Each structure stands twice: as C-alpha cells, then as structure tokens.
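Q: Handing you this structure, nothing more for now.
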Amino acid sequence: MTKTKAIDIIGAPSTFGQRKLGVDLGPTAIRYAGLISRLKQLDLDVYDKGDIKVPAVNIEKFHSEQKGLRNYDEIIDVNQKLNKEVSASIENNRFPLVLGGDHSIAVGSVSAISKHYNNLGVIWYDAHGDLNIPEESPSGNIHGMPLRILTGEGPKELLELNSNVIKPENIVLIGMRDLDKGERQFIKDHNIKTFTMSDIDKLGIKEVIENTIEYLKSRNVDGVHLSLDVDALDPLETPGTGTRVLGGLSYRESHFALELLHQSHLISSMDLVEVNPLIDSNNHTAEQAVSLVGTFFGETLL
C-alpha cells in the first residue's frame, strides 16, 4: 500500500451470517467513533461511499431454527452488491476499506479483489478459521465459512462471485483459538500457515507478523488483503462482538501488529468486521477499531 493512495470506505451492514442482531450497525458505530476524521488527519484522500443497500431483516425468520444455510438468499444479495462496489474501487485505483457487518461479507469483498490480482495473499486476523463448509458446519451460520468459499469450496451461488480463488498456501491465519474439527483437518491437509494464540504467546506478536510478511513475500504475492475480525482481540478488552472467545490478542498486541503491517507496505485492501454496538460498552469496541485502523494507515504518537 502506498502512502498516497486514496481510500474508499464501503459499509456492508450485514447481520445475516450469524444470529445476533446489531452487527449490521457496525459501519455506523465505526463512523460515529471518528473513523473519517481520524484518516483525514493523516492527510489521506478519503471517500466515504456509504453503505450498500441490504435486505430488511425479517425478525421471525432471523430467529427461527432454519435448516441448512441460514439467510442464504440475503447473503447472496449482500455479497453480489458488495462485490460490485469493491471492484469499482480497485478499478479507480483506490484502497478499499470495507466495514462490516458480519464476516460473511468477506466473500463479496475478497472475491472482487482477487479478480484484480494474479496471486493475492490473505491475512485472516481472527479467533476462528471461518473454513467450514455447509456439510460440516455445526450452526449453518455463513460467517463461519467465507475463507473456505474463497478457496473454492462452498455454495454454488457464492462460488460464482469468485473467478480467481485464493490459494490455501497464500493464506496466513493469525489469532486462532477456536477451530471446528473440519477446519483443523483442512488446515492440516493444505498446510495453511497458522499462528494460534499458543504460537503468539511463544513467539511474540512482532515475530509472528515479521514471519507473516516474509512468508507472503516468499509466495510472490502481488497484493495482500487483511481481513480483521475484532473477535481476534480478547473480549475482556474488546467486548462488542458476537462470537467471543477468551484468551485473545490484546489491544496493544494488535496495535503493534498493524503498525508493522503498515511499515511493510504489503497490504492492498482491508475488511474490518464483527463490531456489534448492541452488545458493546459505550461504543468501546468501535473506538478501538478506529484506533487500530488509524495505526494501520500510519498514525504515530510522534
């Protein structure tokens, strides 16, 4: 990422990939926490493209025990629209910063981005692998499947968005501490570069990020997408997210990680997902998210 590249902020207020209302308010909460002014203070050209239009939530259906893939038609609609917006951003030579919404929106964003690169790398900063397939998913929640879909396995209509699948060997998972059985097997079968919380405890976040950067460079990637799920952070510090897992990354560790990623100039696009202000405390999680994004784009104390 160059320092002069303009940024498109694109909201994707989807709540359909999981079961807790409120994550659709994530883009609003993040903007309210000062994202735009924070980035403009860094002398960046910032274009807020607003939110894509998403289907209305049918409360009765949303809370029902749906069989199979939950809210599938709505998720197709959201990701088709987001795919077009993100693709247009790249065609205009801008850096797409996508605000979720739940993590199912990464299908639309990353599939759009991958069309414009020959060998895209992906950093998945998350407590979860999001590598389930419908047949193995314990919940049917599609926010647990986007990365598997992006590698070329999953529901037909979502796969159709993805004409240039992500190679498993171009993926780095950071912050893992909750993986389903099928996800663990997929990671082992494809030898996906993975840093669990145990690895981070042993190595430290500095070495983890430096190893990530060197690994992706060795893969000769021509772009890297950063998908940052705030549930990667420990919920005792960062409570406003729907799939909390204790023992996560600290805010300080994440701050330093994003500082190192900024210095690498490797990242060409970004998602920020799973901020849910309805289960937050005084918009604290959105404020942390804004601070992390500011760090990623070059904000420093001195």
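Cβ coordinates are placed from backbone N, Cα and C, and glycine is handled just like the others.
In case it's useful when we look at the structure, here is the feature table from Swiss-Prot:
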{"type": "BINDING", "residues": "His103, Asp126, Asp130, Asp229", "note": "Mn(2+) 1 binding site"}
{"type": "BINDING", "residues": "Asp126, His128, Asp229, Asp231", "note": "Mn(2+) 2 binding site"}
{"type": "BINDING", "residues": "His128, Gly129, Asp130, Leu131, Asn132, Ser139, Gly140, Asn141, Asp180, Thr243, Glu274", "note": "substrate binding site"}
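Looking at the shown structure, can you explain where the listed features end up?
A: His103 (Mn(2+) 1 binding site) carries a helical DSSP state (H, G or I). Remark: His103 (Mn(2+) 1 binding site) has Gly17, Asp126, Asp130, His143, Gly144, Pro146, Ser227, Asp229, Asp271, Val273, Glu274 as non-local neighbours, by Cβ distance under 8 Å and separation of at least 6 in sequence.
In the structure as shown, the Cβ atom of Asp231 (Mn(2+) 2 binding site) sits within 10 Å of 29 other Cβ atoms.
Classification of Asn132 (substrate binding site) by DSSP places it in coil, neither helical nor stranded.
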Q: DSSP on Asp231 (Mn(2+) 2 binding site), three-state: which is it?
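A: For Asp231 (Mn(2+) 2 binding site) - judged by DSSP and reduced to three states - the answer is helix.
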Q: Counting only residues 6+ apart in the same chain, whose Cβ is under 8 Å from the Cβ of His128 (Mn(2+) 2 binding site)?
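A: Gly144, Met176, Asp178, Leu179, Glu183, Asp229, Asp231, Thr243, Val245 - these are the non-local Cβ neighbours of His128 (Mn(2+) 2 binding site), listed in sequence order.
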Q: With a 10 Å radius around each C-beta, find which of these binding-site residues (Asp126, Asp130, Asp180, Asp229, Glu274) has the fewest other C-beta atoms nearby.
A: Asp180
Q: For Mn(2+) 2, what surrounds Asp126, His128, Asp229, Asp231 with a Cβ no more than 8 Å from their Cβ centroid?
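A: Going along the sequence, the neighbours appear as His103, Trp124, Tyr125, Ala127, Asp130, Gly175, Val230, Ala232, Thr243, Glu274.
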